[in-house]
């Protein structure tokens, strides 16, 4: 990887954008030049990167001239407007928003699962939803060996998935122990929705807005994106997405049904060597994944693997990963790295 | 209900015992006399009840002389030793520990579900596990109309289920925001186990100790007790039990498969008139159950009811209740009330 690239980050001051900066440095991404783009309001502000100070530029179509790869994480409407402009000017866009994910012309990629799809790109590659990424990384090695028929997931999602203001809300509320349900809530579950609920000492069974069928958008993302990434349009997927008072690290209680009978030991065997996965399952020593210990860690951790007591092809798993890293920033950079290696950049 | 009874509480200073005292007063339970029993260590201490001060007596076999109903909540070994002694002396025991629950001679009762089983008692009635009670209260009305074939539950359980010391641990850790994973942990997940993990900003996929098959005891309680209470030995039940940083109120993400096809509206219809249930499902107005709002409330709240997108007999539900009330103290007192009404006391 000697090729040096000009990189742009759109939305560099957000929770995911900050992690993208860290990952580019930590992974020694071959950067020739880097630009930080934002709305007119933030343009002119200064931002640190690798010991140097940069001025944030306004994200206009022209700002993408000369950019090789543009990492977008500034909301769906920004991507909708500017990603095509970046592509028009020769950039490859890796978009962390949901805007293009289900577009049949846009590959939706988790390199451990469907790296081959990168070859079919038309300038834009979508980075999947955080909860979806960690689940498919863990399920793909099982699917390869035993097939996959059904998935039922209940999530325990960290507030960082809702941005820096949600982390701050949890911090403030956590200090106001005596106030209980009377703490002030302005951000969660969804900033733009009329009602807000406390997250400290609470769990909220709403992430993103509701859709017609009673599932939330977050739940439908898990359902639809899983099928697209795994190329399993007939996979039966159901999701219940819940916000919990955790800063970083999404956890998932996942029930699966595979196609071929398997044992817990066989699942251990495929997972312990699987790319991007750490098997953390030693109940005799109370070893299982927990979100507080995965913050700033790259892998997807899997544990609590049990065979269903009634269905010989049914298994229960507990999957945890840092939602801002493998769930967002890290996966985006891994997409860029894979494209470089495969001469797609 | 004019009959007046002599009541004993064993374990009155614990999290559940305290709520039992409150419930007896709040529900005007017909008390002729009340005694508070504990270990020799606590005997002689004073305890308040209904504006009067009582001396705690040592829980010896003889202390149950003259007692009509004894409410036990002081750990399985205390119940094992003293419940038979209380019965020998003419008391009816309502036991909140797990010790007798799966004994075929002991009814395991949630009055809304299997009140009839009280008639078969031999002196001891077992109060089920907290997470099980709220689930069967919500599922029974559905089962009566549509049958029930399968249940897969993932729980979000409050720390109060682990006692007063666990609530205190969460309180202290919540104030130590900057320490993150380095806060001191001494109680959770299981006090007697070698390893303890922080609960603030974390979720822990272990409640109670592990069993041979990889499920925890808490998970096996939900599986076995549900079948016994509902008289459905062949019901397919699976559970994943997780501790979350919530003080009071267990939440459950539950997938069910019924026997007869049904619509979401039909489930609404049976649940809105079901005993002990409050239907709280109006997603257009962001109305769904949350633990912080059920503290000190009697009912079991049900919301987020959705039809599975692949299985016409599959439904997803979100069930929340105060684990110390309907999950423990309230259900125990309701058992005593039902026995009084049915002339079993």
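Along the chain as shown, the residues are counted starting at 1.
Each residue, glycine too, has its Cβ placed from N, Cα and C.
Per TrEMBL, domain 'Semialdehyde dehydrogenase NAD-binding' is recorded for A:6-121. Each residue of the domain 'Semialdehyde dehydrogenase NAD-binding' (A:6-121) gets a DSSP state, and the totals for helix, strand and coil are 39 helix, 32 strand, 45 coil.
Proximity of residue A:323 (NADP(+) binding site) to non-local residues of its own chain (separation of 6 or more, Cβ distance below 8 Å) is seen for A:130, A:131, A:134, A:157, A:158, A:160, A:161, A:248, A:249, A:250, given in sequence order. Here TrEMBL flags A:13, A:14, A:15, A:16, A:41, A:42, A:160, A:161, A:323 as NADP(+) binding site.
What TrEMBL records for A:101 is phosphate binding site. Around residue A:101 (phosphate binding site), a 10 Å sphere centred on its CB holds 22 further CB atoms from the protein chains shown.
For residue A:130 (active site, acyl-thioester intermediate), the number of other Cβ atoms no farther than 10 Å from its own Cβ, over all displayed protein chains, is 28. Annotation note: residue A:130 (active site, acyl-thioester intermediate) sits in a helical segment as assigned by DSSP. Taken from TrEMBL, the feature active site, acyl-thioester intermediate applies to A:130.
With a 10 A radius on its CB, residue A:243 (substrate binding site) counts 27 other CB atoms from all the protein chains. Here TrEMBL flags A:157, A:243 as substrate binding site.
Sequence annotations record features per position, and here TrEMBL assigns active site, proton acceptor to A:250. In this structure, residue A:250 (active site, proton acceptor) is part of a beta strand by DSSP.
Residues A:13, A:14, A:15, A:16, A:41, A:42, A:160, A:161, A:323 are listed as the NADP(+) binders, and the farthest two of them sit 28 Å apart at their Cα atoms. For the pair residue A:13 (NADP(+) binding site) and residue A:101 (phosphate binding site), the C-alpha distance works out to 23 angstrom. DSSP assigns residue A:243 (substrate binding site) to a strand in the three-state reduction. If you take the C-beta of residue A:41 (NADP(+) binding site) and look for same-chain residues 6 or more apart in sequence within under 8 angstroms, you find none. Annotation note: residue A:323 (NADP(+) binding site) sits in a coil segment as assigned by DSSP. In this structure, the binding-site residues A:13, A:157, A:160 were compared by how many other Cβ atoms lie within 10 Å of their Cβ, and the smallest count belongs to A:13.
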